[in-house]
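Student: Here's a structure for you.
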Amino acid sequence: MTFRGSQTVSTVMESPSIIQDEIGADRVMTDDIFDTTYIKKVDFKPPIKLVWRNVILMALLHFGAFYGLFMIPAAKPITLAWAILCFMLSALGVTAGAHRLWSHRSYKAKLPLRIFLAVVNSMAFQNDIYEWARDHRVHHKYSETDADPHNAVRGFFFSHIGWLLMRKHPDVIEKGKKLDLSDLKADKVVMFQRRNYKLSILVMCFILPTVIPWYFWDESFSVAFYVPCLLRYALVLNATWLVNSAAHMYGNRPYDQTINPRENPLVAIGAIGEGFHNYHHTFPFDYSTSEFGLKFNITTGFIDLMCLLGLANDCKRVSKETIMARKKRTGDGSHRSG
Ligand SMILES: [Zn+2]
Ligand SMILES: [Zn+2]
C-alpha cells in the first residue's frame with residue numbers, strides 16, 4: 001500500500017498525453033481520483049454508534065427476502081419474469097445512473113434518459129442519487145481510509161452492510177463536505193428526485209412491484225409482495241454491496257497491484273458489469289468500468305444502446321496504449337497476454 005496512487009504522475013515513463021488520459025484530466029469533475037494527501041488521525045478511533053432504525057429495517061427486509069425464496073415455487077412464471085425485470089431496472093438505476101452517469105460523469109445522458117434512470121434508481125432504494133454519488137466520490141477519492149464510507153480495510157461485513165448500520169466516521173462527513181457537487185446540484189432531475197425521494201421509493205420500490213402482478217395477472221398479494229418486491233430489492237442491494245466488499249478483497253489486480261480493489265467476474269455478473277473493480281478504481285471515468293466492453297457487462301450494453309438511440313453520448317474510454325502502459329507499470333502481471 002505504500003505506493004498507493006503515487007505512480008500516477010511520479011514515475012513517468014510514458015508521454016504526458018498518456019498520463020493525462022490515465023487520470024481523465026479533460027473532465028470537469030475529477031473528485032473521483034484517489035487523493036494521496038489524506039492523512040489518517042492515528043490515535044483517533046471514534047466509538048461505533050449503531051443506527052437502530054437501519055438495523056431493524058435491514059433485519060426485517062432480509063427475513064422477508066428469505067421467506068420470499070420459499071414463495072418462488074408458488075409464483076406464476078410471469079411474476080418471476082416481472083421480478084427479473086424489476087431487478088434489471090433497479091440495478092440499471094444504480095449502475096448506469098447513480099454510478100456511471102452521476103458519480104463519475106463517464107458519459108452524457110439526454111433529459112428523457114436521465115428521467116428514466118432517476119425513476120428506476122428510486123426502485124433500487126439505495127439513498128437518493130445526490131447522496132449516493134457524494135458517498136461514492138468520497139469512496140474513490142479516499143479509498144480504504146477512514147474517509148471511505150465503506151472502508152474495506154474494516155472487513156467484509158463492514159464494507160458490505162455494516163457501514164449502513166452505524167454512524168459515519170467523522171472523516172467521511174468532513175471530506176464529503178469538501179467535494180465539488182455543483183454538477184449534481186445543477187441537475188434538475190437529481191434534485192427533483194432528492195426532494196421527492198420518500199414518495200418515489202414508496203411507489204417505485206414497494207407499491208409498483210407488488211401491485212402490478214396482483215392487479216394485472218391475479219398473482220396472490222403475498223407472492224407479489226415477497227418475491228418481486230422484497231426478494232428482488234434485497235438481491236439488488238446485496239449485488240451492489242458485493243462490489244464494495246468482495247470486489248475489494250477477492251480477485252486479480254492486473255492494472256494496479258498497490259490498491260485493494262480487484263477484478264471479480266462473479267461480482268460483475270451479479271452487479272450487471274460492476275465487478276471489474278481494479279480497472280474501475282484505476283480508471284474511474286471509463287463509462288464501461290472494464291477493459292473488456294460487453295463481457296459480463298449488461299450496463300455497458302444498455303449505455304451503448306442508449307447511444308444508438310441518441311439518448312446518450314460522449315462515452316469516455318481509456319486508450320489501449322494507456323491501459324497497456326499502466327499494466328506494465330503497476331499491474332500484478334495477471335494479464336500477461338493483454
Ligand atoms: Zn470500490
Ligand atoms: Zn465508481
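Any Cβ shown, glycine's included, is placed from N, Cα and C.
Note that TrEMBL annotation is computational and uncurated.
Dumping what TrEMBL says about this protein:
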DOMAIN    81-284  domain 'Fatty acid desaturase'
TRANSMEM  50-72  transmembrane segment
TRANSMEM  78-98  transmembrane segment
TRANSMEM  199-217  transmembrane segment
TRANSMEM  223-243  transmembrane segment
Student: Per the 3+ Cβ pairs under 8 Å rule, pairs at least 6 apart in sequence, do the transmembrane segment (50-72) and the transmembrane segment (223-243) touch?
Tutor: yes
Student: Averaged over the domain 'Fatty acid desaturase' (81-284), what pLDDT does the prediction give?
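Tutor: That region's mean pLDDT is 97.
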Student: What residues elsewhere in the chain lie close to the transmembrane segment (199-217), defined as a C-beta under 8 angstroms and at least 6 residues from its ends?
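Tutor: 76, 78-79, 82-83, 86, 90, 119-120, 122-125, 193, 223-225, 228-229, 232-233.
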